[in-house]
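Quick notes on the structure that follows.
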Amino acid sequence: MRILSLDLERYGPFTDRRVTFRQDARLHVVLGANEAGKSSALAAVTDLLFGIEPRTRFAFLHDMPQMRIGAEILGSDGQALRFRRRKGNRNTLVDGTDAALPDDALAPFLGGLSREVFCRAFGLDAPSLRAGGHEMLNSEGEVGASLFAAASGLRGYTTLQANLDAEAADIFMPRAAQHRTFYQALARYDEARKAIRHGELRSGDWRDLNEEIEGAARRLDEIRAERARIAAEQARLQRLKRVTPLIAEIDALTERAEADADLADVPEAWTERLGRCLARAADAEAAEAQARATLAEAARDLAAVPADAGLLARAEEILEAFRGIDRFDKGGIDLPRLQGEADGFAQDLGRLTTRIGLPDAEALRARQPSDAARTRIEGLLRTGRDLAAALGRMRAERAQRRAEHARITRPEGGAAPLIDPGPLRTDLKTLAPVRDEVARRDALDAAIRREAKQIQAQASRLAPPVADLPRFADLRHPSHEAVARFGREMEALERDRNRALDRGESAARALAQTRERLRRREAGRPIPTRAELLALRAERDRRLAPLRAAALGEPGAGGPADVARCEAAILAADRGADDLVADAARAAEQAADLQRLEAEQAEAEAAHAALGEIDARLETGWAAWRRAWEPAGIEPAPPAEMAAWLTEVETLLADHESLEARRAEHDYLVARIEACRAPLTDLGRGAGLPDLAGLDVGLILARVEDRVAALATTWEAAREAQARARATAEQIARIEAELSEATDRHGAWLAAWGEAVQAIGLPPGAEPDEAESALEAWRSVPTVLREHDGHRRRINGIRRDMEAYRAAVSGLAAGLAPDLGALPPSTAMKALHGRLQEASRAETRRQELGRRRTAAAEAQAAALRAVEAARAGLAEHLADRPDGAAAPPGGDASGRDDPAALHARLLARDALRRERAGRRAELARAADGVAEASLRADLASASADAIEASLRQLAMDDEDLDQRGKVAFADRDRGERRRTALEGGIGAELALAQRKAAEAEIQSTARQWAVLKLASLLLGTAIGRHRSGQQDPLLTRAGALFAALTGGAFAGLTQDYDEADTPRLAGLRAAGGLVHVEGLSEGTRDQLYLALRLAYLEDYAARAEPAPFIGDDLFLTFDDARTGHGLEALASFGGRIQPILFTHHRHVADLARDRLGAGVDILEL
């Protein structure tokens, strides 16, 4: 299909604009400057063929319902159609009268093209061209991928396929890894399955556990209450201990504050005002002395400064002349330089007259050529050189192509007959999966050995170790339930033992404390007891019995010695009674401690007996535990450790079962691989390889692949040589035509050149170098003339200004400073300006000093008044006491006391009172809200020693309660942690739900993996089908186009095979050698992509009705040489497909006109 005309009736910026395409042109170039509507015309072609988009961006001038595009198109069968396209939703195809055309009216011209396919395959711009080159680089030049990209215009499919494979690999691969989601779900499934076996909650000890926790909690509550009482008593005693020094300080401060009895009480405000009056009087006297000294200093300074009225009167004239110094000095500096430059320009004019051949500068002014004449000669100069270079290049290229054609077509002697690798490659392709199976076999073998070693090592590292896992699985051993039961029983016994140990330790601690108290109490004076008193009384009665018998005349009467003994016994009994009454408290404490000692000894014996009983039960339990493991030959650890050990053993057994499955898979792979040995050996023999029977199947496959690849390389090289010979012959014919056309253009140029050079004084036969030299000289003439005249004007002006300034300075020096008349003007003016500055500074200084003297006199007067006012205020304040007395407080009526001393005494007393108030505030903070009177009453009834002794006793009691509380808390904590563990454990129901969730997740990840792998395989299959179906014809034609686009730098394209037997695209240099896609420069890759696209379009045109090829600034990144080759390549298939190139750049149109002549149709918007 060809577009004969495009009617832009109302579209974008266009109104009733028709673009006509020449039918016989091989290339159409649409040239439009910026904002000329090139983009709108480019979009109009697409909207014309496929409809104006609903939300178009080209309705900025015309309303959407009014938009119209028309065209006349011609099919390859000669059928023509004139139609218009309007903006709308239906019936958008109309004829010249706006009558609706069928929607499929364009079907014979478009075939099955859609809008997207047309834009991607038949449209190309510079960014898309560059992106296509990068896409080939990303696919490493793989043939199928490169052809697919060039044909479809799609990009990013290589990255897409890699992303699909990577995402699928993150889900599942045959080799397990923790980051893959499938194996994560599988691990959760296994954990849930194990939790189902071990997660059942036993209720045997639940009631006992709760009762134990509640009993420990009750004991803790009782201990807390007792400790709270002790803490309250400790707080009271600590408070008394804390406030004792504060109360003593308060009493001492009160005594010091009231010591000066003859100092009357006055308000603090009166004292503060007295201090202010004293300070004001002192400050006023000091200020008066300072003001007097400042006045004297100002008067001295004013008398020392002189004045000069003459200079100040003509200050403006001096300043104006001083400002002219820079201009005068600059004129003196610039004048010699400008004179030298003017002389240089005069010499330049002389040289130019000599170079051009004229007598003087005036002749140069009169004979200057016009700008148009110079521009025309410059253009002809460039054109002539370009034509000469093009002729030389074409002749050299023709000789090179002829030599290349002769070299390619020269037959080679002794070459071996070619073998078509196609059948061998087909047979080899069916056996290619063996490579993956060999790799899987080797990897599986290494994994089996590694996992077997790991399982054995893990079994050996167990404590206790397991020497033979399969044998252990067959032996009888305790189950998880039995291990848990043993663990609960032994844990209960251990808890009872810990409680018995705590009970014994508490009893021993209490017994030691009681014994220590008894020891300390008995270490002092002896403690009288009631038993001793009874013994003394019995002794007294016994001594009194003889005296009673003597008095009553009964037998057994005693003598005088019995009287003395009886008196001693009576005195001893009375003394014992008195001591017992005096030490009643100590005696009671001693008796109580003795009773407590007996009870604590009994408690310690009971705790020891209970501990022995529990130890016996523990020994019986451990013996039963060891007997349970004897059939399995295991020396068990504690039940808690053996529960984890049993879980690890079961995990190892599961791993061993998995290992056995891998071994079965390995044996299956070995059998499959060995089945391929015979076909591979036969294939190698057919490829000319020696006997391969003794080698491994993987090595046989590798050698056969290398041999087939070598045969394919030889075969493809021969085919490429034939294609290059045909392409070289076509290039020689094209160069011959271009050379003839260039020779004609050079003759026309010689005629125009002879006429143009006469304008610059040269003969018609002058060479381009002569004309270039003359033009260079004429270009300098206007500049040199302008500079010479300008310098002469500046020199005259500077001399005039310097004479005027010299006269003005002489007049000022004569009137104000005759001694400066002999100096140069600048020097004299600077000296005079310096004298003016000194006079100005002196005058300013005198004015400032005068103001300072006046201000100092005023300040002194004010200071004298302030002194008198301060003294009067002090006297008035001393006379004005609050109680009406005339004498100052603390002095006599005559007022002879020093006011400053009086103020110091009052301040000292007020400071003591404030310190006492501060101590009382501190006492209030330390007393915790208790009144001072209550504190004094408590301190009166308790000495410091008694308080300290009570605190120590309370601390001992609290420590004992703390130890008992720790025991109770430990019992409760153990029970609560056990109960929490039982409540928070995963039960069988939750584990079952987790297993079902893991099963669902495994199904979901497997489905997702299948979708990703299918998408990747579909994309790879599409690329592979494109490679196998269109590889040969497309590569041959693309190679010829690539050679043309690169100007012969490359002879064509070929394909090379990498280590995986994947065909890779490569350029064949004209001098020999292959360059893969990654080795090409960025611009050459762009040319390769363009060659592949054009080759595909030619192939498409041979099979279906082709649409026009639309290029948008296609050669934006090309230089002129590459652009020229690209234009020729587009024109080379213009007989089958209509190529339309839109561009902003006029030089592209000029190149097309130079390269293609009448074969190009240039249209300007």
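Cβ atoms here come from the backbone N, Cα and C positions, even for glycine.
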Which listed span TrEMBL calls coiled coil, if the choices are 273-310, 577-614: 577-614
Range annotated as region 'Disordered' in TrEMBL, from 79-98, 779-798, 879-898: 879-898
Where TrEMBL places coiled coil among the ranges 130-157, 522-549, 718-745: 718-745
Distal contacts, the coiled coil (718-745) - CB-CB under 8 A, six or more residues away: 387, 390-391, 394-395, 397-398, 401-402, 404-405, 408-409, 418, 1036, 1039-1040, 1043-1044, 1048, 1051-1054, 1068, 1128, 1155, 1157
Residue numbers, six or more beyond the limits of the coiled coil (483-521), whose CB comes under 8 Å of its CB atoms: 202, 204-205, 212, 527, 586, 589-590, 593-594, 596-597, 600-601, 603-604, 607-608, 610-611, 614-615, 617-618, 621-622, 624-625, 628, 638-640, 642-643, 646, 956, 960, 963-964, 967, 970-971, 974, 978
